Amino acid sequence: MSSQMSKSLYVTRVSRASSVAMVVGALIALTLIAAPWWAGRAEMRLMAEIFLYISLASLWNLLAGYAGLVSVGQQAYVGLGGYALFGLTMLGGVPPVPAIAVTGVLGALIAMPVALLIFRLRGAYFAIGTWVVAEVFRLTAAQISALGGGSGTSLSPAIIKSLADGRDAREALTYWLALGLCLVVIGAVVVFLRSRAGLALTAIRDNELASKSLGINIWRTKFFVYVITGGLTALTGALISLQKIRISPDAAFSTNDWTAFVIFIVVIGGIGTIEGPIIGTLIFFALRQTLADLGTIYLIILGALAIGIMLRAPKGLWGLVRERFGIELFPLSRRVRGQDD
Amino acid sequence: MTPILELSEVTKSFGAVTVADAQSWSLAPGEALGVLGPNGAGKTSMFNLVTGTLSADGGTIRYDGHDITNWSAARRCRAGIARSFQVPQPFSGMTVFENTLVAATQGANLSGAQADALCLEVLDRTGLLGRANTLAGGLTLLDRKRLELARALCARPKVLLLDEIAGGLTENECKSLIETIKQIRETGVSIVWIEHVVHALLAVVDRLIVIDFGKLIAQGAPDEIMQSQEVREIYLGIEGDA
């Protein structure tokens, strides 16, 4: 090809699939925003829970799937967010909604020294280190007698009532907060991955040796991702505890609920893609709603499914779709096109 | 003339194995330097030391007037040292264009249309424009090697380190590569080229150095080096093919 040809080319990220997905996504978002007018209380609670899991899974995916930071201790930030919300509202007298915003900042601030500590560890030791940090957080929370110590506490009725007038309004507010956070997390991940820093992070995902040889500061990029993820995970934790109204160290720092299930979601959906955590969450909840009555067998089925997918489709279900049809719902990839295309 | 790159007594060992044994050599601005040596001689390790993916046990590395011995690999690249890898290291899940864009945005610190234009121009020059939208993980070995060169060029280097980039190429592909590297030289880029395809190396370089067991055993004009008995012994059998 001649150099003239390279000048007649341009770069775009929009594809037909992403254009359609944006329109459909906007319609779905509008429908979900209007849920308080068409859905029952139980459906709204379930949907809010789904949104919060999508947030957790998207954040863990950014951490593990892109930055290669396989943390098994993100429950540290879920619990931290929950305890910070309860502490700020019950002990500090801060109104719940501003307190939720503060939990995000607090999560990011605490993630900084934690990162300085655990970034000294590599691979499996890093994973174990994150777990140890989460346990330290859990044990520390159990020492706070003002928040119920080891047995936990509940939000006072006065704080709950201060959220909004009437139960329906409160249910709608907690639902919108969960939906809003989910949209903000997905939006933030998309905007970040489209940025120059996001391109660097995607490069790190694929090859660290080549990344540092091409000018990428790997430590700084990972630090940034860990801190932002810590902040947003704490925010998610605050909303989880607001939805539950009650908090205890074992529930707020649960490895199963906030890390094992999240890893399952990302693995079956497709690690290292934005679509994977969303699809994984929907599958997880479909399984939970239909099989949870089976008790332990339900957990065995989840484990078997995760192992099967890891063996047969290591890139998850979305990875299979992407490989087969080349579809990308979020406009991330840059494509070179001719002026005539 | 002040060298753009200068190694003084650079040493690196892994246990009992010494991959750089008090190596000292320099590269003048705009010069093309060839590196010869048998497999396992420490040539790639020397590149790793220069680019910062390995840290030296002793000695100093100076680049463009600065002591860069303790600089990180990323900082060295942003300062103008770029390399290709002997075993290609593509960003497999990214397209060919995006691979080069990483170098343009991070290594060369370009953004937007400027970065896009550089990548398209380099892909055109290296024969990869037609594969711009292909995932790098799906490329053939030849195209992966081309991508190594394209990516290094998109970092806009002052010093380009090429590691066995002609290996496995057909005669015509090799000729085309030689032309490309000559064009790169004409832009003022200094080149250090490790290569076993000796005739390709001799078509481009001004000077040769020979490394064996991590030690610099000879350096000088290509004709002089190729006539050296020591080098003939090392390349016994290969010289005839060249």
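Even glycines carry a Cβ here, placed using N, Cα and C.
A TrEMBL annotation is a machine prediction, not a hand-curated record.
Annotated transmembrane segment per TrEMBL: A:20-38 (among others), in sequence order. Using a Cβ-Cβ cut-off under 8 Å and counting only residues 6 or more beyond its ends in the same chain, the transmembrane segment (A:20-38) has close neighbours at 44, 47, 168, 171-172, 175-176, 179, 183, 329-331.
The transmembrane segment annotation in TrEMBL covers A:50-69 (among others).
Taken from TrEMBL, the feature transmembrane segment applies to A:76-94 (among others). Cβ atoms under 8 Å from those of the transmembrane segment (A:76-94) belong to residues 56, 100, 102-104, 106-107, 110-111, 114, 130, 133-134, 137-138, 141, 144, 146-147, 153, 155-156, 159, 229-231, 233-242, 247, 249, 252-253, 258 of the same chain, restricted to positions at least 6 beyond its ends.
The annotation transmembrane segment is assigned in TrEMBL to A:100-119 (among others). Here the transmembrane segment (A:100-119) has Cβ contacts under 8 Å with residues 76-77, 80-81, 84-85, 88, 94, 126, 129-130, 133, 177, 219, 222-223, 226-235, 237-239, 242 of the same chain, all six or more residues outside its ends.
Per TrEMBL, the feature transmembrane segment maps to A:126-147 (among others).
The feature transmembrane segment is assigned by TrEMBL to A:173-193 (among others).
Counting same-chain residues at least six beyond the ends of the transmembrane segment (A:223-242), those with a Cβ under 8 angstroms from any Cβ of the stretch are 52, 55-56, 59-60, 62-63, 66-67, 69, 74, 77-86, 96, 99-101, 103-108, 110-112, 114-115, 119, 155, 174, 177-178, 181, 185, 188, 192, 197, 201, 252, 258. As annotated by TrEMBL, transmembrane segment applies to A:223-242 (among others).
Through the fold, the transmembrane segment (A:262-287) approaches residues 46, 49-50, 53-54, 56-58, 60-61, 64-66, 72, 74, 186, 189-190, 193, 205, 298, 301-302, 305-306, 309-310, 315-319, 322, 328-330, 332 of its own chain, all at least 6 residues removed from its boundaries and within a Cβ separation under 8 Å. Summarising the annotation, TrEMBL assigns transmembrane segment to A:262-287 (among others).
Annotation comment: TrEMBL describes A:294-313 (among others) as transmembrane segment.
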State the non-local partners of the transmembrane segment (A:126-147) in its own chain: residues 6+ outside its ends, Cβ under 8 Å from one of its Cβ atoms.
69-76, 79-80, 83, 86-87, 90-91, 114, 117-119, 153, 247, 249-250, 252-253, 255, 259
